[in-house]
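**Q** Got a structure for you, written out below as structure tokens; questions coming shortly.
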Amino acid sequence: MRALLCTALLSLTLASSVYSDTDSTASAPVDAAETELGDQNRVFASRGSNITLPCRLHRRHGMSFGRVGIRIKWTKLSADESLEEDVLVSMGFHKKSYGSFLGRVRLLEADDDDASLLINDVSLDDMGKFRCEVIDGMDDVIHEVTLEVQGSVGYSDGVVFPYSPRLGRYNLNFHNAEQACLDQDSVVASFDQLYKAWRSGLDWCNAGWLNDGSVQYPITNPRQACGGVNSGAGLRSYGQRDKSKSRYDVFCFTSAINGRFYWLVQPDKLTFNEAAQACQDDGAEIAKVGQMYAAWKNGYDRCDSGWLADGSVRYPISRPRRNCSPTEAAVRFVGFPDKKQKLFGVYCFKGQQ
């Protein structure tokens, strides 16, 4: 009963617990787009920005002895909520952050009852559900808030893309899939992200992992080879699969990139090693698949096949035309050719300094 009462009281204070850069703690700028949580308990941030995840202790007895006796713990939940990753633990004056959040998070501490978490330099990997636990004598709070990472101002909200490695179709268990997306500057997509991509026209006949451990694929044009012509359009699901033994492709998600994606003009075609070196000589690095998709999503168009960091060759077409993806805007996949072939150019990426 006490927990239910605390939860009800907490919900009455949430609207006042979202802070902006005009708050009294002006030394901690928050340049992300924050919203009132409402029923969805969601906060939105752009990649590379700072964001506040709100959490407050509502005291029933109306007394406060400062922050000395308060224990605050922030954790990040896995997509299926089976695992918790420690983010920050605070006990009085002692505070400790963990893992990828080390040095990037701190408590806002606008007042004695404020347990809000400030995250600096938000990354794609920060997306997901966070849990705030506050204990202060007889008062305690457990609150959850979901962080969504969008594109930067003036950019789209991100893009979902299917991915399979050089080994070919259906070669990734869930853990391999997570690493494959990370290697391409992305993360494993959520169901909501795949659903939104399907609503926007994504049609793909190969099943892929999602971040909750399920395996699905989006069909906008039902056909015999993809579940049959009598099945309606939608997301086809294989359900939850064994994360270690089952092998599929993966759907990755990436958002706006902080840097410049570009075609490197060269006098001759390049092998893969020559392509990687050419980007380095230009003060950049050979681009990743996720960076090409992010650039394409925001209008990048080039009808030249180029090497990418995973050894694949692709080209982005946002304006379909003859001999350049005439039927649709798409990132075209040429394949994984022999890296010694001197047949292609290269796409580079130069991060913001």
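Heads up, the Cβ atoms here are built off N, Cα and C, so glycines get one too.
Keep in mind that TrEMBL annotations are predicted by a computer and have not been checked by a curator.
Note that the structure is a prediction, hence the values are computed from the model and not measured.
Not my notes, these are from TrEMBL:
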- 1-20: signal peptide (SIGNAL)
- 29-148: domain 'Ig-like' (DOMAIN)
- 159-254: domain 'Link' (DOMAIN)
- CYS205-CYS226: disulfide bond (DISULFID)
- 259-350: domain 'Link' (DOMAIN)
- CYS279-CYS348: disulfide bond (DISULFID)
- CYS303-CYS324: disulfide bond (DISULFID)
**Q** What three-state secondary structure does DSSP assign to CYS279 (disulfide bond)?
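**A** SS state of CYS279 (disulfide bond) = helix.
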**Q** Using a 10 Å cut-off on CB atoms, tell me which of the disulfide-bonded residues CYS226, CYS303 is the least crowded.
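**A** Per-residue Cβ counts within 10 Å for the disulfide-bonded residues CYS226, CYS303 bottom out at CYS303.
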**Q** Here's one to test understanding: among the disulfide-bonded residues CYS205, CYS226, CYS279, CYS348, whose C-alpha is closest in space to the C-alpha of CYS303 (disulfide bond)?
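**A** Sorting the disulfide-bonded residues by distance from CYS303 (disulfide bond), the top entry is CYS348.
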**Q** Name the residues of the same chain, 6+ apart in sequence, whose Cβ is under 8 Å from the Cβ of CYS205 (disulfide bond)?
**A** TYR217, ILE219, ALA225, CYS226
**Q** Look at the disulfide-bonded residues CYS279, CYS324, CYS348 and tell me which residue has the greatest number of other C-beta atoms within 10 angstroms of its C-beta.
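**A** Max Cβ neighbours within 10 Å, all protein chains included: CYS348.
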**Q** Measuring Cα to Cα, how many angstrom lie between CYS324 (disulfide bond) and CYS279 (disulfide bond)?
**A** 25
**Q** So, three-state DSSP: helix, strand or coil for CYS226 (disulfide bond)?
**A** helix
